[in-house]
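Noted in TrEMBL for the protein shown:
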type: DOMAIN; residues: 252-320; note: domain 'FF'
type: DOMAIN; residues: 365-419; note: domain 'FF'
type: DOMAIN; residues: 426-480; note: domain 'FF'
type: DOMAIN; residues: 482-547; note: domain 'FF'
type: DOMAIN; residues: 602-775; note: domain 'PG1 pseudoGTPase'
type: DOMAIN; residues: 776-936; note: domain 'PG2 pseudoGTPase'
type: REGION; residues: 1017-1066; note: region 'Disordered'
type: COMPBIAS; residues: 1023-1034; note: compositional bias 'Polar residues'
type: COMPBIAS; residues: 1056-1065; note: compositional bias 'Basic residues'
type: COILED; residues: 1148-1190; note: coiled coil
type: DOMAIN; residues: 1193-1396; note: domain 'Rho-GAP'
Amino acid sequence: MRQFNISVIGLSGTEKDRGQVGVGKSCLCNRFMRPMADDYFIDHISVLSQSDFSGRIVNNDHFLYWGEVRKTTEEGVEYNFNIIEQTEFMDDSTFQAFKVGKMDPYSKRCTATKVFSAEKLMYICKNQLGIEKEYEQKVMPEGRLSIDGFVVVFDVSPVPNRSVEKQVEFVQNVIATIVKNKKPLVLVTTKNDDAYELYVREAEKISQRKDYKSTVQLIETSAHESINIDLAFLMLAQMIDKVKNRVKIISYQESAKSRKELLDTRSEAVTRLIRNQITDYHILWSQGSKMLSQYREWNEFLNIFGHEAGQKLFRRHMKKLRDDHLNKKLHQYLDKFALALEYMLPDIGALNIIDDDAWDCARNYLQNHIEFEQYFFECPQASWTELVDMDEAEDEARIPFDVLETSEAETVFRNYLNSVQQDKKKIGWKQQFKMLLEESGFVTPGKQLSEVRVLFMGRECFEALSEHDCQQIYDIHQDEIIEKSKQNFVELLLEHAQYFLQFKNVDIITQEDVRQITDVIQEDSRYKMLDRLDQERRVMLVQHLRFIHCPIRDHCPFFNNCVDSLIEEVLADKSATSNHKTPGVGVGVGGGGGGGWKTTGNGSDRTLNLLIVGSEHLASDLLNDIRICTGSKGEYIYENQTYYLNYRIANGDMEAFKAIDVYSSGLICVYSNQQSFETLKDNLERTLLCNLELEDKFENLPIVLVYQPQDLKENEVEYLRSEGMRLSEMLHCDFIDHTQNHQKYVYDILNIVILSLKLTEMKSYDPYPSNHTDLRILCCIFCGDQYDIENIVQPLVAESTLVKASEHSIIVDVFIGDAKRRVEFILSSYHGTNQYRDELIHGYIYFYSAKRRSSLANLSILAAQNANIPLQIIAVTESGGVNAFFNSDICQFLITEGNALADRFKGSFMTFSADQYVKFAFYNPFLKTAWDNKYEVENLHVEESITLDSGEGTLESSVNQMPRPPPRHESYMLSNTLGTDGSGSENYEMLPTRSLNSLNEERDISLDEIYDENNEKPKHLHQNCTESDSCASSTERRVRQQNAYYKASSKASKASAKKQKKKKVAIPVQTPRVPPFGSYVSPPEIPLHYQRMTVVGAEKPEAGVPEFMKSDKSPEYSMVPELTAAGIFGAENLPEYNMNAKCLKDFEKHEKRRIKEETARMRKQQEKEKEQEKKLKRKLKQNAKGLAESVEAQFGKLMISSEQGEIPIFLNKCVEFIEKEGLDSEGIYRVPGSRAHVDMLFQRFEEDVNTVIDVLDIPVNAVATALKDFFSKRLPPLFSKDIIKELEEIAGSRGVGSSKLNVEVKTDRSCRLIALKSLLQKLPPINFAILKYIFQHFVHVSDNSKLNSMDSKNLAICWWPTLIPIDFTDMGHFEQLRPYLEDIVQTMIDQFPYLFCGKDAFVMV
């Protein structure tokens, strides 16, 4: 290791000689000797006191010994340096250089090659002078050093009082002396971080002088920035050592850039370290520095920047942590403040301020708000920041009120203020735009906003709203006017009820019929209003025709608001009070809500409503005792039954008893002295007297008399007790003495009430036989009338003798004349009256709206059909009673017409106000009229029944006739699948070829084509049909239903059909309600016996008997009884009978015996069919089990069930891979894959069932081919031979051979679809599951047909031979069946939701 003694020299002397500051020799030496930031000192002085100059540091010399240091080059060569700084010290008293013997000038002395100073100590910093012992003491070796090289310093920074010429002259002189002494040197420019370009160029000129012969190397340095310091000394060392490959001299700019990158890297590393390690801003510097000292990044930073910089960085991080924490807490407070504003200041107008002082007013308002403490708290001792610093507010959910002093809180308030104001403006603009739309006559149903936009241009409300808001409001308005227009159009159709009556018995609607209807109504504005919605108007027209043809509830244009539905709801709500009469429990003073002393709850928990009556404080004291015994919830348990108590107290005056009604559970009367007893007794007696005169409000009401003596003498107590017992005997109630049973008297009171109610229940059962009524009155209400049905029903259900007979009828016992009669009131809609046409009705009550023309129009038709039966017409007016007649022209007209109608049919007429409360006596006059005409009405009914049973007009005796087949449709087409979820349950349309669009064509439309959304199988229509679809006898309905499908060709059959028209009634065919435009419905299912029907041969039928009723021994007609004409019609010679009592009795006896025999035969037939169905189910179950076992045994691992259930794992994995990788592969399943890849895939799965296809690097086409091979070669057939045979019949039913399918099924695509669904349901469960899984996959593939060009048709072409392996006898047979089998597979893809998932299809009517 080489040792070098280096002397650092530069311009020195007095301030006159060197300027105000030195050239930087000391800083250069300090940075080289001690490079760490903490050991680097900037301030080095040359003006000393005499004592400091003579100390061991300076040692009376004009040079400093900086000590010894070791440095290493990049090549790994180590050098030891002893550094001497030649300077000139000034006396602080004279400011002249110290005199030390004979001294040479500094320029000559500094170039000395030998220095001597015995016991001279190493210099560290100026603070060392005078206290040398407190610093490291190191003596200059041997007191002398021989200088090996020189570092000549040239200051390039501008310094006051120093000229560059003086420094250039000095440097040139010393360099010349050093060169003369043949010593190596380097010229070092210092303070380059503050360099002056002119001085840098002067230094460069010195180093480039020719007389130096390139021996002077120039190095640019900066001691403050620690740039190129080591480079200067190492270069000098290599020059002394005469090394050829010396270090490269780097310019200052390049070195400064590298230094900056190093500093930035170290700073970022330390910043990241502090951020990760120091997360709590409460940590002190001593703790933090100790934590960080174990990390290399921290130590390197301190070496470069020093502890002071590290502490500064640490404190800056602590401040940031605290600020972040405060900001986070502040934002939490501000979020809560925003919510508090919404709750405490919802209306900005409450402040009554202007914008300038809004914030101050808002703070004062909040501080005085009643809910202030719920959202805010105040802490005068400390600010909110101090509370956060001390963690005092961590558990406090409220907001420190001084948070509102921050500017951020004011910003939140201003934003809230602006938001509320903008919202108000926006709401106002929306309301104005909505009013503008309503006032504009140009906005009609179906118009787009773009068509009328020009009308609103320039309007503030329109311009201020966004496009989205305008469109949203316009859409809402369109929905409203469209709905209103539809309602008006329905009203228009209903008003023309008399005209539509001609279509009641028509099965086929022709184009001419549609034109005639349109001609009648097209001039009406309600018709024209839907001109832009012609399709929906046509739908509504056909729906109305269907309703006229088959007026059942499901066809009612008011749907859920049909009167029949509303009546069921009203009677169901009233049933608790009108039918069951079950005791309820509750404590209610004066009768609580709920269901009276009948049940006011359901299930096991009930409510008791009690009235506690007592003067002064007696009632309150008793109520407190009850609460103590029953708890805060008012629960009382008696015989494992929970009762909830509702209570109310009242003074013992007459007003207290006015609240008693049928809803009260019990009355508790309490007294304590003579005065309270007399008051209570007097009021009770007066109430009972009033009760006898008015209505029995006390009937079955439990009463308990309670005696609570207070401060009385013994004789007074005994007297009041005896008087109370006497009063209780008179009232037939219970008496309780509080003094005799103080602890349990509350329980006794409640037990008495409950037991009394139970006894009332036992006594309240109907004393009349359930099947006996004296009168049957049919109350008819028109659907859509704008009045509350409950007001009409209320007088009936308020009767205490009420019994609910059915969902639509109630029975009431009422006095008619001198005797009590049982009257059944049947409540029905106008269209629902058809089901009671064949029943005995003694009178009709018709309600109609006095402001609705359609209501009276339909009433006129209904009244004409029952003209021979007593009727009452009631016009329901708006509130105002008789004033409505004079205040409204339409009301006056309709009331006048209704009165005239009643006169024409010899009925009574009354008006009924919508807000009027009437009692049952309102109906008494009409009931008296109906009773007086009862005999004539019953005789008329008997005569009509005999006429019907004689065969004149109906076929009443036909039993168990086949129901009519369901409606037909031509095709089912797949709808737009945008937005599908891949499950196969997306929207499907059923687009019948024979749809409403055909109304534009020159063809007829059958009402049978209208489709039902109920999705139920046709039911046998029995004679006692309860559905409101019967307007003819049951046999007549069956005959006409069958005739719609099976047209008898014989003259006898035609004659019979003509005969049936003798009585003109509506024929309720199976024509379900046409769904609203765009609604979801499911195709109907065809009963199995329809699939077995064959066409009746062209045999001539027997005269007088329709062809479809001929006896047939074939199993296809096994459900049709063998009946002769006589058997059908009852008796051949019945018209010859005399209509006397004996004849009628014999006839009824004969009919009962015949019906009983037919019923027994049918019961046996049904039992036989059930047994056959059970055998078929057992066989299918065994087949499914056998298939699963054979599959597993034959194909082993490939058939292991996957996570999808019974799906083979090979199928599952292939489908998942194809759906993941191949849905966008063009021609998937059409383009075959490599056979080698297919075989490899099967081999891998046979080796390991958990094989992952993704890692095999097999093309997706090969996987698709393998999947087809799996179905064709490795999976047993999914269809058995029998099912394939049936499938072949379905597929080739259009002209292909003969099949067992009905003609209607064979020629109708929708029926074939239904047959296909029935066929699929016969499959074993595992077969059906596999088939469902693969077709769901096909749906996913076809959904991406734009990418893979494989729609459902292409998939069907590729897959039908694999899925339906039929053995064709010849090519002709193949070509004949191929298109139909392709169609079968395509249909299974297109109609996947319907065939496999039971979803509804989407029908566009």
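Residue 1 is the first one shown; counting continues down the chain.
Any Cβ shown, glycine's included, is placed from N, Cα and C.
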Helix-strand-coil residue split for the domain 'FF' (482-547), DSSP-based: 53 helix, 2 strand, 11 coil
Structural state census, the domain 'FF' (252-320) (DSSP three-state): 58 helix, 0 strand, 11 coil
Secondary structure composition of the domain 'FF' (365-419) [DSSP: H/G/I, E/B, coil]: 31 helix, 4 strand, 20 coil
Confidence summary for the domain 'FF' (426-480), mean pLDDT rounded: 90
Counts by DSSP class (helix H/G/I, strand E/B, coil) across the domain 'FF' (426-480): 41 helix, 0 strand, 14 coil
